[in-house]
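Since the structure comes first, as structure tokens, the remarks are kept for the end.
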Amino acid sequence: MTKKLALKRRGKDSEPTNEVVASSEASENEEEEEDLLQAVKDPGEDSTDDEGIDQEYHSDSSEELQFESDEEGNYLGRKQSSSAEEDEESSDEEDNEEEESTDGEEVEDEEKDSKSKQTDDKPSGSGAASKKALTAELPKRDSSKPEYQDSDTSDEEDIRNTVGNIPMHWYDEYKHIGYDWDAKKIIKPPQGDQIDEFLRKIEDPDFWRTVKDPLTGQDVRLTDEDIALIKRIVSGRIPNKDHEEYEPWIEWFTSEVEKMPIKNVPDHKRSFLPSVSEKKRVSRMVHALKMGWMKTTEEVEREKQAKRGPKFYMLWETDTSREHMRRIHDPVSAPKRDLPGHAESYNPPPEYLFDAKETKEWLKLKDEPHKRKLHFMPQKFKSLREVPAYSRYLRERFLRCLDLYLCPRAKRVKLNIDAEYLIPKLPSPRDLQPFPTVESMVYRGHTDLVRSVSVEPKGEYLVSGSDDKTVKIWEIATGRCIRTIETDEVVRCVAWCPNPKLSIIAVATGNRLLLVNPKVGDKVLVKKTDDLLAEAPSQDVIESERIKTAVQWSNAEADEQEKGVRVVITHFKPIRQVTWHGRGDYLATVMPEGANRSALIHQLSKRRSQIPFSKSKGLIQFVLFHPVKPCFFVATQHNIRIYDLVKQELVKKLLTNSKWISGMSIHPKGDNLLVSTYDKKMLWFDLDLSTKPYQTMRLHRNAVRSVAFHLRYPLFASGSDDQAVIVSHGMVYNDLLQNPLIVPLKKLQTHEKRDEFGVLDVNWHPVQPWVFSTGADSTIRLYT
């Protein structure tokens with residue numbers, strides 16, 4: 001009976017706090033486990049200890065029995081618990097019958113247990129010896145191995161990582177992943193490669209429901225309840241499946257408003273009788289009316305109206321009143337005048353006094369005084385008593401009064417913008433090479449200013465026209481003058497035919513246009529050109545009198561034939577400019593004094609001329625052919641018009657906002673136009689973007705005479721009266737959404753100034769990144 005009660009108490013009250021779970025290897029050690037179980041059941045055979053199955057173990061014992069092996073100890077615990085359960089089932093009836101009779105015995109057993117517990121605390125007790133013997137028989141675990149190395153199941157949930165709520169990637173560089181309750185490192189489980197991952201995907205049917213625990217690095221299999229919970233959260237439903245979303249509403253409080261009086265006291269008797277105080281007040285008011293002391297409302301209003309008098313309303317009364325209130329509550333003080341500077345002193349420093357050039361510029365702006373930097377001219381006196389009266393004093397005081405009286409005042413928030421922020425970020429010129437940087441050659445031979453220059457399509461020869469009435473043909477590589485053609489008048493413009501199959505130079509001198517065969521280069525090409533210009537083709541079209549009076553075609557005379565002149569086109573006014581079409585069959589001339597016949601188009605193959613315009617819309621300064629489309633650019637003094645030669649209509653009108661246009665150059669692709677003006681500006685037009693300039697460049701100090709695009713490289717150049725040739729980078733992208741990139745690269749200033757003239761014309765080499773410039777110093781310079 002005592003044995004059964006002890007087992008019962010052991011199963012209910014004194015369960016061990018540290019449970020050991022059996023591993024899968026218990027079946028391999030059955031013999032050792034049976035011996036160990038036999039030793040526990042028959043303690044008399046293995047030890048002299050008075051402990052047995054009746055002995056009760058408590059967790060607070062200083063020398064508590066501990067199992068060193070998970071397998072054997074857990075097996076022993078399972079055997080004992082199963083035997084205890086069998087004893088309990090077999091002796092339930094006996095325990096119920098003898099429960100009352102054994103109360104005394106239980107007390108005695110407890111006393112014995114306490115005595116045996118005291119004896120167990122002693123090191124010389126037999127219980128300690130039996131524990132040591134039992135511990136020695138159990139195999140010890142290797143502490144160097146990770147606790148979950150032998151099993152990849154999730155049964156070792158008692159292992160806890162104590163690192164806390166920290167990012168686990170902090171342990172990526174270490175072999176362990178944290179620390180357990182004994183402050184021992186938790187070694188990371190072995191990680192497979194991609195092949196292992198692929199095999200697990202194929203072989204493991206539960207791979208899709210396996211997740212990795214970031215605290216321990218183990219693979220955790222999700223249960224059906226976990227998956228159902230995840231599905232409910234993903235679908236946006238309540239995680240708890242037992243929750244009823246549409247359960248019936250219970251009205252804990254009524255929704256009907258019940259109106260009930262706070263108090264239901266019956267009215268007093270005096271509420272039905274007239275008020276005595278009101279009766280006295282009315283009697284006093286009646287007496288005041290009889291005596292004339294009190295006036296009616298109409299009489300009071302009439303007296304107020306008489307005091308106010310007639311009232312007149314302003315048409316904008318609301319606005320004036322609002323402005324009046326604003327001035328009262330938020331007044332804006334008048335701006336103070338600028339304090340006088342050193343330039344206004346009666347004895348200013350010498351650097352503040354005007355020199356001859358500054359005085360001339362100041363006097364030149366007499367009609368536009370607002371453009372002057374100073375409204376007066378600084379003067380110097382020896383003493384203060386020599387300073388005369390200020391002649392502009394009354395006028396300046398009067399203008400100051402007008403500003404204070406008439407100019408509206410308003411507060412403006414000043415924007416503090418860094419100047420560097422407004423400057424666009426441009427690439428370095430070193431990254432945009434090649435471009436001309438130095439002067440390589442000077443062509444000398446003319447005796448007067450050189451007005452025009454043109455290059456052969458192959459880039460071997462150069463032609464120039466000068467005011468000394470000569471046309472010179474140069475060899476570019478050596479700088480040698482090959483041929484000189486003398487004319488009767490000043491040569492205004494020369495242009496080499498862009499067709500490489502012909503060798504023709506158009507020379508504009510006076511009112512004659514000469515078509516010259518330079519007799520340089522390929523002899524076959526020279527002969528072919530002579531054959532083309534030898535005889536005039538038959539005319540199938542009858543020319544009008546308007547064209548006949550404007551232009552006449554004729555063959556050159558014998559003396560001119562020896563010089564190379566083949567055809568002479570005589571105009572009725574002096575020619576200023578000549579330009580070729582890209583194919584080399586058409587050329588156009590400009591006569592600024594020709595009114596509505598200022599621009600003429602000539603066809604070389606048929607020796608026929610046309611007047612494209614019947615009315616004059618300004619003085620034509622420059623004309624140009626489109627390189628791709630049948631369009632004709634006509635520049636007047638202020639605007640540029642683009643005409644379609646096929647449809648014979650105006651396509652677009654470009655607004656330059658300049659005083660006088662000097663020249664034009666079109667990009668080889670035909671979508672961008674560069675314009676030079678006499679008011680120191682260069683205008684870049686994007687023909688697909690707008691009719692206004694895309695960018696205005698003020699790179700020169702004087703009038704810009706000429707501009708030119710390179711045929712192959714993204715370069716353009718400009719020449720000005722400040723003796724400078726400025727080379728710039730002009731990249732045009734195929735992407736229409738990307739704006740052109742314009743970067744000034746190099747300023748080449750080697751020409752000399754003559755009679756306020758500098759560089760008159762610029763032109764590019766057709767193949768190399770070289771630029772030619774002509775100047776008033778009668779030289780032609782090559783920059784490479």
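In case you wondered, yes, glycine gets a Cβ from its N, Cα and C as well.
According to Swiss-Prot, the protein has these features:
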{"type": "COMPBIAS", "residues": "1-11", "note": "compositional bias 'Basic residues'"}
{"type": "COMPBIAS", "residues": "27-36", "note": "compositional bias 'Acidic residues'"}
{"type": "COMPBIAS", "residues": "45-54", "note": "compositional bias 'Acidic residues'"}
{"type": "COMPBIAS", "residues": "62-73", "note": "compositional bias 'Acidic residues'"}
{"type": "COMPBIAS", "residues": "84-111", "note": "compositional bias 'Acidic residues'"}
{"type": "COMPBIAS", "residues": "112-123", "note": "compositional bias 'Basic and acidic residues'"}
{"type": "COMPBIAS", "residues": "138-148", "note": "compositional bias 'Basic and acidic residues'"}
{"type": "COMPBIAS", "residues": "149-158", "note": "compositional bias 'Acidic residues'"}
{"type": "REPEAT", "residues": "445-486", "note": "repeat 'WD 1'"}
{"type": "REPEAT", "residues": "488-526", "note": "repeat 'WD 2'"}
{"type": "REPEAT", "residues": "570-612", "note": "repeat 'WD 3'"}
{"type": "REPEAT", "residues": "656-695", "note": "repeat 'WD 5'"}
{"type": "REPEAT", "residues": "699-738", "note": "repeat 'WD 6'"}
{"type": "REPEAT", "residues": "754-784", "note": "repeat 'WD 7'"}
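Only residues 6 or more beyond the boundaries of the repeat 'WD 6' (699-738), in the same chain, are considered here, and those with a CB under 8 A from a CB of the stretch are 429, 432, 434-436, 662-669, 671-672, 674-682, 684, 688, 744-753, 756-764, 766-767, 769, 771, 773, 775, 783. Tertiary neighbourhood of the repeat 'WD 1' (445-486): same-chain residues 492-500, 505, 507-509, 516, 518-521, 563-565, 754, 757, 760-761, 763-768, 772-780, 782, selected by CB-CB distance under 8 Å and a gap of 6+ residues from either end.
Over the repeat 'WD 1' (445-486), the average per-residue pLDDT in this prediction is 93. Summarised by DSSP class, the composition of the repeat 'WD 1' (445-486) is 0 helix, 24 strand, 18 coil.
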